[in-house]
Amino acid sequence: MTQSDSDYAFRLAQMRSGTAGLALTESVQERLLAARIVVLGTEVNDDTANRITGQLLLLDAENPNEDITFYINSPGGSVPSGFAIYDTMQLVQPDIITVAMGMAASMGQFLLCAGAPGKRFALPHTRVMMHQPSSGISGTASDIAIQAELFGKWKREIAAITAERTGQSIERIIADGERDRWFTPEEAKEYGIIDHVLTPETQIRK
(Lines of atoms letter the chains of each structure in order from A and count residues from 1; the text may use other names and numbers.)
(Lines give C-alpha, C1' and ligand atoms only; values in the text may rest on other atoms or scores of the structure.)
Protein backbone atom coordinates (compact mmCIF):
# COMPACT_ATOMS: atom_id res chain seq x y z
CA MET A 1 0.00 0.00 0.00
CA THR A 2 1.36 3.42 -0.96
CA GLN A 3 1.51 6.41 1.41
CA SER A 4 -1.49 7.89 -0.41
CA ASP A 5 -3.51 4.73 0.13
CA SER A 6 -2.43 4.66 3.79
CA ASP A 7 -3.74 8.20 4.19
CA TYR A 8 -7.08 7.17 2.75
CA ALA A 9 -7.21 4.09 4.99
CA PHE A 10 -6.69 6.38 7.99
CA ARG A 11 -9.44 8.69 6.78
CA LEU A 12 -11.71 5.67 6.31
CA ALA A 13 -11.26 4.82 9.99
CA GLN A 14 -11.96 8.44 10.93
CA MET A 15 -15.21 8.57 8.99
CA ARG A 16 -16.39 5.27 10.42
CA SER A 17 -15.74 6.51 13.93
CA GLY A 18 -17.65 9.72 13.29
CA THR A 19 -14.62 12.00 13.72
CA ALA A 20 -14.71 13.16 10.11
CA GLY A 21 -17.34 13.62 7.46
CA LEU A 22 -19.18 16.12 5.30
CA ALA A 23 -21.68 18.04 7.41
CA LEU A 24 -24.21 20.12 5.49
CA THR A 25 -26.55 22.60 7.08
CA GLU A 26 -30.24 22.26 6.34
CA SER A 27 -30.25 25.43 4.23
CA VAL A 28 -27.34 24.18 2.10
CA GLN A 29 -29.07 20.84 1.57
CA GLU A 30 -32.25 22.63 0.49
CA ARG A 31 -30.35 24.72 -2.06
CA LEU A 32 -28.54 21.66 -3.40
CA LEU A 33 -31.82 19.78 -3.65
CA ALA A 34 -33.31 22.67 -5.62
CA ALA A 35 -30.44 22.15 -8.08
CA ARG A 36 -31.25 18.40 -8.18
CA ILE A 37 -28.08 17.54 -6.28
CA VAL A 38 -28.05 14.82 -3.61
CA VAL A 39 -25.00 14.35 -1.36
CA LEU A 40 -23.82 11.32 0.61
CA GLY A 41 -21.01 12.67 2.78
CA THR A 42 -21.00 10.22 5.68
CA GLU A 43 -21.31 6.55 6.48
CA VAL A 44 -24.24 4.70 4.90
CA ASN A 45 -26.79 4.01 7.64
CA ASP A 46 -30.54 4.11 8.22
CA ASP A 47 -30.60 7.89 8.63
CA THR A 48 -28.65 8.65 5.46
CA ALA A 49 -30.63 6.04 3.51
CA ASN A 50 -33.95 7.52 4.62
CA ARG A 51 -32.81 11.03 3.66
CA ILE A 52 -31.34 10.09 0.29
CA THR A 53 -34.20 7.81 -0.79
CA GLY A 54 -36.68 10.52 0.17
CA GLN A 55 -34.77 13.13 -1.83
CA LEU A 56 -34.55 10.86 -4.88
CA LEU A 57 -38.28 10.13 -4.76
CA LEU A 58 -39.09 13.83 -4.35
CA LEU A 59 -36.95 14.85 -7.32
CA ASP A 60 -38.48 12.06 -9.40
CA ALA A 61 -41.97 13.31 -8.56
CA GLU A 62 -41.03 16.91 -9.40
CA ASN A 63 -39.49 16.12 -12.78
CA PRO A 64 -39.02 12.53 -13.99
CA ASN A 65 -37.20 13.69 -17.13
CA GLU A 66 -34.29 15.65 -15.63
CA ASP A 67 -31.13 13.96 -14.36
CA ILE A 68 -30.22 13.85 -10.67
CA THR A 69 -26.58 14.33 -9.64
CA PHE A 70 -25.49 12.18 -6.68
CA TYR A 71 -22.19 13.16 -5.03
CA ILE A 72 -20.55 10.43 -2.93
CA ASN A 73 -17.87 10.87 -0.25
CA SER A 74 -18.37 7.86 1.99
CA PRO A 75 -16.51 5.03 3.75
CA GLY A 76 -19.44 2.69 3.17
CA GLY A 77 -21.60 1.22 5.88
CA SER A 78 -24.79 -0.81 6.25
CA VAL A 79 -25.59 -3.27 3.47
CA PRO A 80 -29.42 -3.08 3.81
CA SER A 81 -29.27 0.73 3.97
CA GLY A 82 -27.07 0.74 0.88
CA PHE A 83 -29.48 -1.53 -0.96
CA ALA A 84 -32.34 0.82 -0.05
CA ILE A 85 -30.48 3.63 -1.82
CA TYR A 86 -29.47 1.39 -4.74
CA ASP A 87 -33.00 0.11 -5.33
CA THR A 88 -34.38 3.65 -5.23
CA MET A 89 -31.76 4.75 -7.77
CA GLN A 90 -33.05 2.03 -10.10
CA LEU A 91 -36.71 2.77 -9.34
CA VAL A 92 -36.81 6.48 -10.16
CA GLN A 93 -37.11 7.57 -13.78
CA PRO A 94 -34.35 10.22 -14.00
CA ASP A 95 -30.83 9.08 -14.78
CA ILE A 96 -28.65 9.20 -11.67
CA ILE A 97 -25.29 10.84 -12.33
CA THR A 98 -22.82 9.61 -9.71
CA VAL A 99 -19.76 11.66 -8.79
CA ALA A 100 -17.16 10.40 -6.31
CA MET A 101 -15.16 12.94 -4.35
CA GLY A 102 -12.67 12.27 -1.59
CA MET A 103 -13.42 8.62 -1.05
CA ALA A 104 -15.98 6.09 -2.23
CA ALA A 105 -15.33 2.90 -0.28
CA SER A 106 -17.23 -0.34 0.20
CA MET A 107 -20.95 0.50 -0.13
CA GLY A 108 -19.88 3.94 -1.37
CA GLN A 109 -18.10 2.24 -4.27
CA PHE A 110 -21.15 0.06 -4.90
CA LEU A 111 -23.42 3.12 -5.17
CA LEU A 112 -20.87 4.92 -7.35
CA CYS A 113 -20.86 2.21 -10.00
CA ALA A 114 -24.69 2.02 -9.82
CA GLY A 115 -25.04 5.34 -11.63
CA ALA A 116 -26.44 5.60 -15.14
CA PRO A 117 -24.12 4.11 -17.79
CA GLY A 118 -21.83 6.78 -19.20
CA LYS A 119 -22.64 9.13 -16.31
CA ARG A 120 -20.37 7.89 -13.53
CA PHE A 121 -17.55 10.25 -12.55
CA ALA A 122 -14.76 10.70 -10.02
CA LEU A 123 -12.79 13.83 -9.15
CA PRO A 124 -9.03 13.58 -9.84
CA HIS A 125 -7.81 12.88 -6.29
CA THR A 126 -10.60 10.55 -5.24
CA ARG A 127 -9.80 7.07 -4.01
CA VAL A 128 -12.21 4.21 -4.59
CA MET A 129 -12.12 1.03 -2.51
CA MET A 130 -13.84 -2.27 -3.21
CA HIS A 131 -14.09 -5.19 -0.82
CA GLN A 132 -16.48 -7.88 0.26
CA PRO A 133 -19.05 -6.72 2.83
CA SER A 134 -18.22 -7.52 6.46
CA SER A 135 -20.86 -9.33 8.46
CA GLY A 136 -20.39 -8.54 12.15
CA ILE A 137 -22.39 -11.69 12.88
CA SER A 138 -23.08 -12.50 16.53
CA GLY A 139 -25.65 -14.24 18.72
CA THR A 140 -26.70 -17.82 19.31
CA ALA A 141 -25.64 -20.63 17.01
CA SER A 142 -29.08 -20.61 15.35
CA ASP A 143 -29.00 -16.84 14.91
CA ILE A 144 -25.50 -17.00 13.46
CA ALA A 145 -26.59 -19.63 10.92
CA ILE A 146 -29.56 -17.53 9.81
CA GLN A 147 -27.47 -14.36 9.58
CA ALA A 148 -24.71 -16.17 7.71
CA GLU A 149 -27.19 -17.38 5.08
CA LEU A 150 -28.58 -13.86 4.64
CA PHE A 151 -25.09 -12.38 4.49
CA GLY A 152 -24.07 -14.92 1.85
CA LYS A 153 -27.02 -13.88 -0.32
CA TRP A 154 -26.08 -10.20 0.03
CA LYS A 155 -22.49 -10.98 -0.88
CA ARG A 156 -23.56 -12.80 -4.04
CA GLU A 157 -26.02 -10.05 -5.00
CA ILE A 158 -23.40 -7.32 -4.58
CA ALA A 159 -20.87 -9.29 -6.64
CA ALA A 160 -23.40 -9.96 -9.41
CA ILE A 161 -24.52 -6.32 -9.63
CA THR A 162 -20.94 -5.03 -9.53
CA ALA A 163 -19.95 -7.47 -12.27
CA GLU A 164 -22.84 -6.32 -14.44
CA ARG A 165 -22.05 -2.65 -13.83
CA THR A 166 -18.31 -2.93 -14.44
CA GLY A 167 -18.18 -5.56 -17.17
CA GLN A 168 -15.93 -7.74 -15.02
CA SER A 169 -16.69 -11.39 -14.26
CA ILE A 170 -18.33 -12.31 -10.97
CA GLU A 171 -15.32 -14.49 -10.21
CA ARG A 172 -12.94 -11.55 -10.59
CA ILE A 173 -15.14 -9.27 -8.47
CA ILE A 174 -15.18 -11.84 -5.67
CA ALA A 175 -11.43 -12.49 -5.92
CA ASP A 176 -10.48 -8.80 -6.07
CA GLY A 177 -12.74 -8.02 -3.13
CA GLU A 178 -11.25 -10.56 -0.75
CA ARG A 179 -8.90 -7.81 0.46
CA ASP A 180 -9.34 -4.04 0.32
CA ARG A 181 -8.76 -3.11 -3.33
CA TRP A 182 -7.92 0.58 -3.81
CA PHE A 183 -8.28 2.41 -7.12
CA THR A 184 -7.17 5.78 -8.40
CA PRO A 185 -9.78 7.44 -10.65
CA GLU A 186 -7.90 6.26 -13.74
CA GLU A 187 -7.77 2.71 -12.38
CA ALA A 188 -11.46 2.84 -11.46
CA LYS A 189 -12.24 3.92 -15.02
CA GLU A 190 -10.18 1.10 -16.50
CA TYR A 191 -11.90 -1.40 -14.18
CA GLY A 192 -15.36 -0.14 -15.18
CA ILE A 193 -16.44 1.40 -11.87
CA ILE A 194 -16.64 4.88 -13.42
CA ASP A 195 -16.84 6.22 -16.95
CA HIS A 196 -14.97 9.53 -16.68
CA VAL A 197 -12.47 11.39 -14.52
CA LEU A 198 -13.99 14.81 -13.86
CA THR A 199 -11.54 17.69 -14.38
CA PRO A 200 -11.99 21.43 -15.04
CA GLU A 201 -11.66 20.62 -18.73
CA THR A 202 -14.48 18.07 -18.70
CA GLN A 203 -18.18 18.54 -18.11
CA ILE A 204 -20.73 16.27 -16.47
CA ARG A 205 -22.62 14.69 -19.34
CA LYS A 206 -26.37 14.87 -18.80
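Here the Cβ of each residue, glycine as well, is placed from N, Cα and C on the backbone.
Taken from TrEMBL, the feature active site, nucleophile covers Ser106. The active site annotation in TrEMBL covers His131.
Each residue contributes its Cα atom, and for Ser106 (active site, nucleophile) and the residue listed as 'active site' these two points are 6 Å apart. Every protein chain considered, the tally of other Cβ atoms within 10 Å of the Cβ of His131 (active site) stands at 16. Of all Cβ atoms in the shown protein chains, 27 besides its own fall within 10 Å of the Cβ of the residue listed as 'active site, nucleophile'.
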